[in-house]
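If you check TrEMBL, you get these features:
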BINDING   Ser10, Arg48, His49, Thr192  phosphate binding site
BINDING   Met191, Asn215, Tyr216, Ala217  substrate binding site
DOMAIN    3-250  domain 'Nucleoside phosphorylase'
SITE      Glu173  site 'Important for substrate specificity'
SITE      His228  site 'Important for substrate specificity'
Amino acid sequence: MPRVAIIGGSGFYSLFENPEQREVETPFGNVILEVGKVRDVEVAFIARHGRRHEIPPSKVNYKANLYALKQIGVERVVATNAVGAINPSIEPGTFVVPHDFIDFTKNRDSTFYDGKTEIMVDGRILRGVVHVSMTPDPYCPEIRSAILQSLSEAGVKFVDRGVYVVTEGNRFETPAEIKAFSFLGGDIVGMTGVPEAVLARELAMCYATLCLVTNYAAGVQGSRKLTHDEVAEIYERNLKNLRDVVARTVELIPLTRSCSCGKALEGAIASK
C-alpha cells in the first residue's frame, strides 16, 4: 500500500519500476492511477492532465484525485507545477518551493464539505461543515524540507520559498493582473496548485509542491507574447532534473509523520 503519491505531468511515468495501473472508484468519479516503485519506495502517481495532456486546469477532477489517493492509503503527496515568474528576480529554469499561496480560482469545486456529501476520513464518517486551518503552514513542512534537501543535493538553481498565485485559466494572465498579484506579494503564478493543497488538508494529508518556472509572467518583460510552446520547451529542458529531485524527495520523506497535517480536522468540524 503506497503511503506517498506524486501528482504531476505525464513525463513522470518513466520514474516507476513495473507500474501497475489501477482504477479507483470515488463518490466524485473514477480515477486512473499508477502504483509502482520509485527507488524502492512504493508510490502512487496521478497524471493531473491525463496521459495525453487532454484535461485543462479548470476541468481537472481535483476532488476525485485526492480522495482516491486517500482511499488507497496515501498520507503524503508531492506535487509538481509549471509556473510563471511574477518576481523578476526568478529566472525561467529555476525551481521554487512555495511556502504559501493566494487563491484566484473562480469556478472550481474546492471543498469536500459542502454540507451534504458524506465522506470517510481516517475511520470517521463526516458530513456537514468543516473549516480547516491553513496556518501556520499551508504546505507540509516535512515534505518541503525533503524537497529542499533534494534540490540542494542536485545542485540545481532554486528558491526556497515563494507565494504561489493560482488562477483559473485556461488563458494566461493579463499584464494588469500580474501587476496586481505582485502588489499582493505573489512570486509565481500558475493554474493547478489550488484546490489540491486545500483538499489534501481537508483529508488530513500532507501536501507540498515543487514548482518549475518556465517563463516570465505577462508584462514582466514588457509586451512580449507568451506562448505554450515556450513553456513546453523550458519544461522539457528541465524535466530530467525535475524527475530526479522528486525521486530523491520520495526517498527523504520520513516514514512517520511528525507534522500537524494529520491533525487538520481537530477543532475544524462545525457540524455536530
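Glycine residues also receive a Cβ, built from the backbone N, Cα and C atoms like all the rest.
Of the listed recorded positions Arg48, His49, His228, the Cβ environment within 10 Å is emptiest of other Cβ atoms at His228.
Spatially close to Met191 (substrate binding site) yet at least six residues away along the chain are Pro57, Ser58, Val166, Thr167, Glu168, Gly169, Asn170, judged by Cβ distances under 8 angstroms. Neighbouring residues of the recorded phosphate site, listed in sequence order and excluding Ser10, Arg48, His49, Thr192, comprise Ile7, Gly8, Gly9, Ala47, Gly50, His53, Ile55, Val60 (Cβ within 8 Å of the Cβ centroid). In space, His228 is the closest of the recorded positions Asn215, Ala217, His228 to Ser10 (phosphate binding site), judged by Cα positions. When the Cα of Ala217 (substrate binding site) is compared against those of the recorded positions Arg48, His49, Glu173, Thr192, His228, the shortest separation belongs to Glu173. Take Ser10, Arg48, His49, Thr192, the residues named in the record as contacts for phosphate: the widest Cα to Cα gap among them comes to 15 Å. There are 21 other CB atoms within 10 A of the CB of Tyr216 (substrate binding site), with all protein chains counted.
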